[in-house]
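J.: What TrEMBL shows for this protein is this:
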{"type": "TRANSMEM", "residues": "12-36", "note": "transmembrane segment"}
{"type": "DOMAIN", "residues": "14-229", "note": "domain 'NarG-like'"}
{"type": "TRANSMEM", "residues": "57-78", "note": "transmembrane segment"}
{"type": "TRANSMEM", "residues": "98-118", "note": "transmembrane segment"}
{"type": "TRANSMEM", "residues": "138-158", "note": "transmembrane segment"}
{"type": "TRANSMEM", "residues": "194-223", "note": "transmembrane segment"}
Ligand code: HEM
């Protein structure tokens, strides 16, 4: 990690990979508290099924949502699990192979899903007409987020193991309030960095968008019969 850095580089890394994540966490938790106490009734992702009950919605939504749950748990384990927790079971090399194969597969399925939803959001006349700026921004950001995540995974597949582990050291350092851990990202690829910055942007906007429906997971949805709001196939 020993490198001579210009003041501007040090400043930029400190801001973007040390302060900004904490700032994003602050905005997230304050926004969450505000939304739940002041705008609780608007916590939802309005269905567009009544506008157009098409195949893109059914396939896109199912592929995206199921795969992104896998991606989420992959991030928690991949980035935040401390080495002593898993090293007795799997080596770091195996962990990276799992990240590339399982993360890559889940990421690819999530990408296909969100790409279908993205195209539908912008090209289906009825859906486009009823979409808000927030709807368009969220679907675009998630598409970019998944694309850059997959790009990062592709880089990881061909990089030395240390480059993969450096990102874990950074994330775990932040988690235990060691902001100097930004230094671990000095040699990380640009695509990984873009992914991290975009990821925290999504964290910042989360409480103010339809993404909030995630905090009100409709568990009963999985067991109750389907509610068809438009069977016309439009
Ligand atoms: C908030 C901060 C986030 C951080 C720090 C982060 C970090 C990472 C890292 C380091 C990788 C690369 C793993 C590798 O090299 O093998 C990755 C991959 C990926 N990320 Fe993120 N990510 C974040 C948020 C998100 C979000 C919000 C999404 C989706 C909506 C997402 C989707 C993906 C996907 C699809 C991949 C590729 C497949 C996989 O490894 O699961 N990430 N992420």
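Easy rule for this one: first residue shown is 1, then count along the chain.
Cβ coordinates are placed from backbone N, Cα and C, and glycine is handled just like the others.
Curation plays no part in TrEMBL annotations; they are all automatic predictions.
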J.: Which whole-number mean pLDDT does the model give the domain 'NarG-like' (14-229)?
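T.: So the average pLDDT across the domain 'NarG-like' (14-229) works out to 94.
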J.: Do the transmembrane segment (194-223) and the transmembrane segment (12-36) come close, with at least three CB pairs under 8 A (pairs 6 or more apart in sequence)?
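T.: Yes, the stretches contact each other.
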